[in-house]
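J.: Right, I'll just put the structure down here and ask away after.
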């Protein structure tokens, strides 16, 4: 019997059906315009672009321009690439332009789809960012689709790491910019450490199209981008602690694989105290619970996590004396990305490689908050519907399933569940042999490098030629994936999310065409494609006769989305294909979430060695377990976002003020307001309201005025005067400081004074914000314990972080006021030297952002990749970026502000 919801959908259609239906008249308009645009010359296509630009500037909406613009873009793509966009690709582009996520199945041509929405929105001249998951795809797509944009008269750029700054600024100034999500986020942070407007990369955040949007906005949502600087070296502590961990017994800790957490038991804590005392890490009489034990306990906890939660060749690999993390969703290496809070150092100690110093945060942002900066955001992926609720709640993005150009002919078989992993792999080997014997290409999906290499060894012993795609073969990725659809091909891949290259039966025609065009840019794209397709036809026919691509997965992932991405590699563009999952009760997901019930079923059925249970309810049971995991992860991301939103509001205020300062011509009003506010604070502190004169702290006020305001006025005499009140003293201080600064401006010259004010303000903001970030990190790490006292940690964090922010602003005002009061007239050379010194200190911080060394919470962090440079008192770039109250890097023992950081 049909449910009410099912009957309703049959009568009225689903919301998705209605959205698709609404675009059909627009697609019909575009198709009707096609003959008109086919008649245009190459120059005529560019002239149309100029016409559209003019109409947009005159107020015509992009929606009104869409049919003509899409028709123009379709014709340009046909001429430049030999590709005529399908109606379904145009439909996907409409959804992108409307600010949705377009779910297009693998092989439906997302790369070309994006060009239409990018072209239309690029007509405004405000820039469009097309976001990819790796630099290879960014460069490939920019070169490939750049020919289309070029034919239309738009400029295309690609921003990637390690490129010259001038070239990167030019790339961002293009109409269309391709870049990875990491590079965009880091460049945003770098921009907010710059001191001159002409150094800025990202002028505005107009429209972003995010490819593999689920990978970037869901899987990496908990990953903060962090620009960091070096802190003190604790490598010996990590080595000492690492020697302790192997002595820990199983009853000394509790491991929760569901939450990926490990903690010491009471027995473990007792054992720790004993062994740490023996190692000299705890002093006689010192307990683990003493405040002074915090650091060593933190190191021990991270050491335990490194040994019990992180596995070599699954979570990371060791390459060239470095621990390189592996993306659990894509299987790619993530060079330069480091775990935070000393966890990466603990893994380095575990593996016996060089231990790099921990880093301190200079600037950070999450992908969630970075991509919410854009005026309009859209995305593409083959799998988004399972996360539709999160996309809408977090980003305000709707998900629309775009119809396939041809019906899907792939057969998705029920899961086969074996009792042991050995039985499962033996069954998989037989399946691979069977398919390979008839020439059917096989794509074998695994979840770790270790398992992919184990399967590879089994195939070698069986004499089956094959390719392996995992983090170790990262560089050959595109070619391995492109060849996976060839006759008789066997490919083992560790996760297929965001691979970017299409698996086409018989081989990837698009990649061959692109390679040929790169080798001969003057070749006719349509003729070249026709020639390659003719050669490819026989190969494809053989593969079709063998049954198409067979996807064989060795495990289910925690996310249904990742499983669907693997399945979706087969059956592209209506091709035949097959997919199946071979599982065992020893698999991680089965073991953690559902093996007990299945174990009973298997025993009841009395399955023999090598037999498997195959039934639809097994699939449903696993999908329910996956759904629970997805829901839990969504809740974690929501909670983390609530905390990050607190910092994000403060970040927007600071970065906004910073940009205003950089754009301002005259900052004297701002610095005057700061100075007056400092005076108000002094009056309130030392001459409290509603108090008598004999209760005032005149000596404290006098000392503060001398130190902070740089004036020597008879405060002690003023307070003795008959009838004088706090307001009168305030006015005298304001008058005296205003007079002082007016004199300084006259002595320096107005232009020099404005430059000094700007540089001092920017330096103070950067220093105070960096210190504030560190304070917030510490607060965030301990605020969770407030829950034990029946206090909401989030509210506690909000309240205390606001108070800390207010305190930071007070400190900022005092710092700027004090520095401005201390400057004295200099020669022109001295003035320039001081400005250059301040800029050099800022440049040192920016230099930390230039290299790809980074990390936090498994997040990317940009930081210094080289060893510390020796201090040179004549070269400020070697000074690092110490805070005003930190020790001077010259090792004089003085505070930086009293030594080389002195501004006099």
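If you go along the chain as it appears here, the first residue is 1 and each next one adds 1.
Backbone N, Cα and C atoms are what each Cβ position is placed from, and that goes for glycine too.
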J.: For the ATP site that Swiss-Prot lists with 89, 107, 108, 109, 110, 111, give the additional residue from the candidates 415, 483, 502, 510.
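T.: Among the candidates, Swiss-Prot records only 502 at this ATP site.
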J.: Please report the number of other Cβ atoms within 10 Å of the Cβ of residue 110 (ATP binding site).
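T.: Step by step: centre on the Cβ of residue 110 (ATP binding site), count other Cβ atoms within 10 Å, giving 26.
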J.: Within 10 Å of the Cβ of residue 111 (ATP binding site), how many other Cβ atoms are there?
T.: 20
J.: List, in sequence order, the residues of the same chain other than 89, 107, 108, 109, 110, 111, 502 whose Cβ lies within 8 Å of the centroid of the Cβ atoms of the recorded ATP site.
T.: 104, 106, 112, 113
J.: Would you give the longest CA-CA distance, in whole angstrom, between residues of 89, 107, 108, 109, 110, 111, 502, the set recorded as binding ATP?
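T.: Maximum Cα-Cα distance: 16 Å.
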J.: Among the binding-site residues 108, 502, whose Cβ has the fewest other Cβ atoms within 10 Å?
T.: 502
J.: Counting only other Cβ atoms and using a 10 Å cut-off, which of the binding-site residues 107, 109 scores lowest?
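T.: Among the binding-site residues 107, 109, the sparsest Cβ neighbourhood within 10 Å belongs to 109.
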J.: Reduce the DSSP letter at residue 110 (ATP binding site) to three states and note it down.
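T.: Going by the DSSP assignment, residue 110 (ATP binding site) falls within a helical segment, counted as helix.
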J.: Cβ-Cβ under 8 Å from residue 89 (ATP binding site), same chain, 6 or more residues apart: which ones?
T.: 104, 108, 109, 112, 113, 116, 405
